[in-house]
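A.B. asks: This is the structure I have questions about; it appears just below.
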Amino acid sequence: MKTLYSLRRSYPVETLFNGTIALAGRDQETTGFAWWAGNARLINLSGKLLGAHVAHAGLIVFWAGAMNLFEVAHFVPEKPMYEQGLILLPHLATLGWGVGPGGEIVDTFPYFVSGVLHLISSAVLGFGGIYHALIGPETLEESFPFFGYVWKDRNKMTTILGIHLILLGAGAFLLVLKALYFGGVYDTWAPGGGDVRKITNPTLNPSAIFGYLLKSPFGGEGWIVSVDNLEDIIGGHVWLGSICIFGGIWHILTKPFAWARRAFVWSGEAYLSYSLAALSLFGFIACCFVWFNNTAYPSEFYGPTGPEASQAQAFTFLVRDQRLGASVGSAQGPTGLGKYLMRSPTGEIIFGGETMRFWDLRAPWLEPLRGPNGLDLSKLRKDIQPWQERRSAEYMTHAPLGSSNSVGGVATEINAVNYVSPRSWLSTSHFVLGFFLFIGHLWHAGRARAAAAGFEKGIDRDFEPVLSMTPLN
């Protein structure tokens, strides 16, 4: 019987398939992988694998540019950004481009420029991808040894890791430069309802920056997600950028220690599994960051957070009923607790009613009304500004709830709008992608470990029913 898998040790795990289908001269017989296994056929062809990666980058950048221009074409400056189904423009606005006081979009030309630059970049990447996939050398080791590699070469692998870390660090410093020198970034906490400003004094104190990592993730603590000022965010990027760059230099100059050589599996599929695990972790952290944090993801662009929409509703009705003569400090609700305001178990004055569970919300439209012991009753009576009323009324009807068929908002809220918050989309997509990346990590880690242990052939396939069936083609 014909052998249905490659006997070469360098292709450790195969999936059985119709071996007669050939694609570009790289069929299952010669590579051990079927056509649909995609880049697995290129594991030992560094030149072709480079082409696949560059072309993939071109597709990503093309999508970014095309979607960017699509959003610019559909953008209505008179409506809130978060009401228009935009997923890219909020990021550009957060970086301070085209934004005026209060988060108002005053100029869409920078967004157009961004889209065009991405399209041009995608053309360059696309050309490079096609060149390396079809024309360039199959392997780089002979012609361009600097770019060549062997997956087992531990020293070369950590050198490549170091180069990647330096590039990541440079990326972190791009945000730092934008915030410090090139026009600043949007600060939702700027007085009067947010504005673009330069961050002149980033936090560099290590106890402040790394203190976030030591915080509890629960309640009012909130781990790194609790960061609520741009000084700490930009200072954190200074620290992370520096750590990435110095770590990259370290990995380029050193060889892996003996314990690391023993602990890790050193194969292409193992590196894939490590990368998927890291991306999965990033996805889960980003999910929480987007959902709860309104400093890095300003509500003016992404819509309010869940707690923010809830507290905004309590605030809106407090303002209304206070105007109608209600004594908001003493009025009781149906449970005997305060209808508008109540005391938390530790004595702070917080909003009453169902929103009491969101007592730890911090939002720029609400913080000016706090005193040393929670909400300040005299400020609530005398100091509420029109912009605070307008913003809370807007946020009240734009809770980040909704389903994929775009029926959004609070089900019981008669003023809710038919929309899905970009905050919901961004948070949910990162959770779902993070989950699937984690499954991919388990899958590829299992295969890589099995190959390293030498039992990669799996169960005996001699009596598999599919072997007696007619080939698909």
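Every residue, even glycine, has its Cβ placed from backbone N, Cα and C.
Feature list, courtesy of Swiss-Prot:
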- Glu367: [CaMn4O5] cluster binding site (BINDING)
- Thr15: N-acetylthreonine (MOD_RES)
- Thr15: phosphothreonine (MOD_RES)
- 69-93: transmembrane segment (TRANSMEM)
- 134-155: transmembrane segment (TRANSMEM)
- 178-200: transmembrane segment (TRANSMEM)
- 255-275: transmembrane segment (TRANSMEM)
- 291-312: transmembrane segment (TRANSMEM)
- 447-471: transmembrane segment (TRANSMEM)
A.B. asks: Return the stretch with the most CB pairs under 8 A relative to the transmembrane segment (178-200), choosing among 69-93, 134-155, 255-275, 291-312.
C.D. replies: 291-312
A.B. asks: Between the stretches 69-93, 134-155, 255-275, which one has more Cβ pairs under 8 Å with the transmembrane segment (291-312) than any other?
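C.D. replies: By Cβ pairs under 8 Å, 69-93 leads among 69-93, 134-155, 255-275.
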A.B. asks: Would you mind listing the long-range same-chain contacts of the transmembrane segment (255-275), meaning Cβ under 8 Å and 6+ residues beyond its ends?
C.D. replies: 12-13, 43, 151-152, 154-155, 157-158, 440-441, 443-445, 447-449, 451-452
A.B. asks: Taking the Cβ of the residue listed as '[CaMn4O5] cluster binding site' as the centre, how many other Cβ atoms fall within a 10 Å radius?
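C.D. replies: Its Cβ shell of radius 10 Å holds 11 other Cβ atoms.
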A.B. asks: For the transmembrane segment (69-93), give me same-chain residues lying six or more residues beyond its boundaries with a C-beta closer than 8 angstroms to one of its C-beta atoms, as numbers and ranges.
C.D. replies: 99, 103-105, 108, 110-112, 114-116, 119, 186, 297-303, 394, 398, 417, 419-423, 425-426
